[in-house]
Amino acid sequence: MFSPSHPLQMFFGLIVWSAWFVSLYGGLGVVCKLAPPSPDQGVMTWVNALVLVLGMALSLFLLFCARRCWAVRSAAQCLSARERDNQRFIASAAAGVYLVGAFATLAVALPAVMLAPCV
Amino acid sequence: MKPDQMTDPLIQSNQERHRTFDRVWGNLPGWRALSAVNHTTIGLRFIVTGFMFFLVGGLLAMLIRTQLALPEQDIVGIELYNQLFTMHGTVMMFLFAIPVLEGMAMYLIPKMIGARDLVFPRLSALGYYCYLFGGLIILSSLVMNIAPDTGWFMYTPLSSANYSPGPGSDFWLLGITFVEISALSAGVELVVSILRTRTRGMALSKMPVFCWYILAMALMIIFGFPPLILGSILLELERAAGMVFFEVAGGGDPLLWQHLFWLFGHPEVYILFLPAAGIVSTLIPVFAQHPLVGYRWIVVGIILMGFLSFGLWVHHMFTVGIPQLALSFFSVASMLVAIPTGIQVFAWLATLWAGRVVFHLPMLWILGFIVIFVNGGLTGVMLALVPFDWQVHDTHFVVAHMHYVLVGGMLFPMVAGLYYWLPHVSGRMPSDTLGRWGFWLVFIGFNLTFLIMHLTGLLGMPRRIYTYEAEMGWGWLNLISSIGGFVMAIGVAAVILDIALHFRFGKRATLNPWNADTLEWAMPMPVPTYNFASLPTVETRHPMWENTDLPQTIASGQHGLAEIQHNRRDTWGSDAITGKVREIINLPSNSWIPLQCAVAIGVLCISLLVKAYLVAVLSTVAAVFLLLRWSWHNGGHPSVTPLREDDPTDPPLHSRTFDGPGLWGMVVSLMANGTLYLSLLFGWFYLWTASPLWTVPENGPLALMPLVASGVLLTLAVLLYGRGLTRLRKRNADRLGSMFWLVSLLGAAHVLLLLWILLDAPLQPTQTAHDAVLTVMVLYQLIHSGLAVILTALQAVRLRLGYVSAQIPYEPVVIGPFWLYTLGVFWMSFAAFVLLPMAWGGS
């Protein structure tokens, strides 16, 4: 399952993105209910900071995963041509998904640079 | 065998083999064809029925356009107009678009992957009848002039009992839920079929690209439909039983409905687009005579679209008062979806660029699709911008955008596909002249109607108004739109006429008439019921281009499973990734059970509509009985695959294995079920955080210690069942029957205790949303636990009768995940509904 050519790798990047997206929206709802930062603080709140830091950390993680999958394309010389072809297909598709996943993760966090959390 | 088939050279030269196959795989004659389960028949029934509903939806659209053609008209009146636009949207979305695309997928998938049928044929038949009966129930409301009239998305509180006291909303909620059984069954069926029944050698990377699209669509149905099913159940419970979910005074929130609806509604757009894009990706390489450029990137695009489309639902709710930062998440996600769309559009253009395009009729519709869909996509990006959306929300601009995306993104490719695969069904070619007239009339009429409507919307005309004053200045624009609508209708009539006439006058199609590359063209035309007389090995994406004598070698039985044994309907079961053959899947034959089940569920639906609750209870019992009878005729049952001395061993029959398609079907079904449960959890947390009058009682209404005891009993039952399965996996079935009886007893004790807790609890579901959601959760648990007990008891009986044994271990393995799921739901609910409220200060 942790192998870069496991079929689940083709979806894992976006599963991470989905979890991030749901946590972002749900978490913001909970924070705004329980401990809303003052609107006077504008974007300089711990919520904005947390969103940006977590967004960047997750994006870096996904980029790392993308690189790991991409590297598999040239490996696995011991396999038959058919199996190698199969593995390359999965690994390179997974790398693409991770790459877009990393971009999407950062993209949805970026508005925290200019918007206050609970207004 | 159909008379037309007799003339096909592939059949003429292999008549004896084809007669044998047709006897085993064919439908029963006359009215007994209602018992058919064959994917070709069921797929075509879906398509034909869907187009019948399309004509009804189109007629409603024409009435709407007639009413709006000139200002201050009173042709249909305000009440009927409300019913017309509600039913137009409902019919087109739920009764036409999804079912027809599902029908096409059901028809094509086995033929493309080299299988003889879908993996759960009886489920296909059940899905069709649920769709047909549900659709007729919804339409009957229109005939009786009591149709729903609150818009196709049924917003509360307008659709609640206070503001819609008539039965219109009930028809929608119950009818649509009935129809959605069909969509979910198709979703499960298609996922498992694509993953587990591909022919020998067809690895994931060699799968026709259409199958990737359908796989994504089917998975999106699995995750996208349950929120709406839950929402419909809750709203119907509120309307019929007075329980509180969406009423603010009791701690509910009408916005919860919008969330649940659009959690389904937005992915729905992509559920429609993906198969249509699959048709485009299939047809463009054929008419460019060049392999699809960027197959791998298209697969990435499909996966991206499948996921990202679930992050857009709030962009239908930009005006309801959500914090700006939260809005921006959805705004960005809405723009991100342009990435996978762009990947596909560029891959299509590159393929066209690289090949030599032949402009046959289907290709014309594909070009129409590209023009219209790209425009619809651009206005979609405009609407993803929050300030722009605020300006045009609920205007005709949105109506125009939606039709550009849906008609351009779905109807045009669908008609292209229809023309492309028509020779498959009829063995004849469509008329080029009449077909081109049809295309141009539809294309011009469509743009006349909806391009203008962007302007009408920008000038401020709201949607869903039945008339407008002449002074508003929208009159001439509406007149053009209405004229365009009628031109489009004439175009549709030309297409229908063309298709109808071609069955009689069309030129006879030659083998593989478009010189296509995929496997569905390697069979006689019209297609036989069994698809392939022998199942070929396929290790390329273009089998028909690289192996041109496939039709002959398949028909003459030179490949796998060329002989029929014991009148079984056999097809390969293969590895989900590599396509290596793992087992022989034995498929069920014609059966009345799906029709009987659908009738019982239909009676349940009607009895709820007329509030005949005793009949509702009786029909529920009948439906459960019939569904259990369905499960009884499986595996080692004498009418299916009893143990025989000449049973194949390499590969074995699927009922002799531990990882058959039933297990996959169960897991995929539980994914849908789990989404429904998570939607309920979402509702619970949403009301807690967002509902202004949400209250939690001082003391938890459920007795804590008995609840824990009930959970312990359930846990013991699951552990014991797991132990039984471990022994079975070691091919040891000694005393397994006793173990299963003990599991059933423990489970029954858990159910009874939980039932007592529910009946003893001071719950007031008609007073507070807290108690209403809690009641639904406990009922959900009781249904699952009760079903697990019954299924296990049945397995114990089957063990005694010899239908389950160490050699036939299939069914207990299938039930295993259901027990685990039931246990997981119990303890997760315990944490969310009992422990968490204690922590947040309620009980």
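Placed from the backbone N, Cα and C atoms, the Cβ positions cover glycine too.
Note that the structure is predicted; figures quoted are calculated from it, not measured.
Taken verbatim from TrEMBL:
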{"type": "DOMAIN", "residues": "B:19-539", "note": "domain 'Cytochrome oxidase subunit I profile'"}
{"type": "TRANSMEM", "residues": "B:84-108", "note": "transmembrane segment"}
{"type": "TRANSMEM", "residues": "B:128-147", "note": "transmembrane segment"}
{"type": "TRANSMEM", "residues": "B:171-195", "note": "transmembrane segment"}
{"type": "TRANSMEM", "residues": "B:207-234", "note": "transmembrane segment"}
{"type": "TRANSMEM", "residues": "B:269-288", "note": "transmembrane segment"}
{"type": "TRANSMEM", "residues": "B:326-351", "note": "transmembrane segment"}
{"type": "TRANSMEM", "residues": "B:363-386", "note": "transmembrane segment"}
{"type": "TRANSMEM", "residues": "B:437-461", "note": "transmembrane segment"}
{"type": "TRANSMEM", "residues": "B:473-497", "note": "transmembrane segment"}
{"type": "DOMAIN", "residues": "B:581-839", "note": "domain 'Heme-copper oxidase subunit III family profile'"}
{"type": "TRANSMEM", "residues": "B:707-726", "note": "transmembrane segment"}
{"type": "TRANSMEM", "residues": "B:738-758", "note": "transmembrane segment"}
{"type": "TRANSMEM", "residues": "B:818-840", "note": "transmembrane segment"}
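In this chain, the transmembrane segment (B:171-195) lies close to the transmembrane segment (B:84-108): three or more C-beta pairs between them fall below 8 angstroms, excluding pairs fewer than 6 positions apart. Same-chain residues lying 6+ beyond the ends of the transmembrane segment (B:269-288) with a Cβ under 8 Å from its Cβ atoms: 97-98, 101, 104-105, 208-210, 212-214, 216-217, 220-221, 224, 298, 302, 305-306, 309, 344, 347-348, 351-352, 354-360, 362-363, 366, 369-370, 405-406, 409-410, 412-414, 416-417, 420, 514-518. The average pLDDT computed for the domain 'Cytochrome oxidase subunit I profile' (B:19-539) is 94. Taking every listed stretch (B:207-234, B:326-351, B:363-386, B:437-461) in turn, the largest tally of C-beta pairs under 8 A with the transmembrane segment (B:84-108) is reached by B:207-234.
Panel annotation: around the transmembrane segment (B:207-234), residues 101, 105, 108-109, 112-113, 173-174, 176-177, 180, 183-184, 186-191, 194-195, 198, 243, 245-246, 256-257, 260-261, 263-265, 267-268, 270-271, 274-275, 277-279, 281-282, 292, 295, 298-299, 302-303, 305-306, 309-310, 518-519, 541, 668, 671-673, 675-676, 679-680, 682-683, 776 of the same chain, lying at least six beyond its termini, place a Cβ under 8 Å from a Cβ of the stretch.
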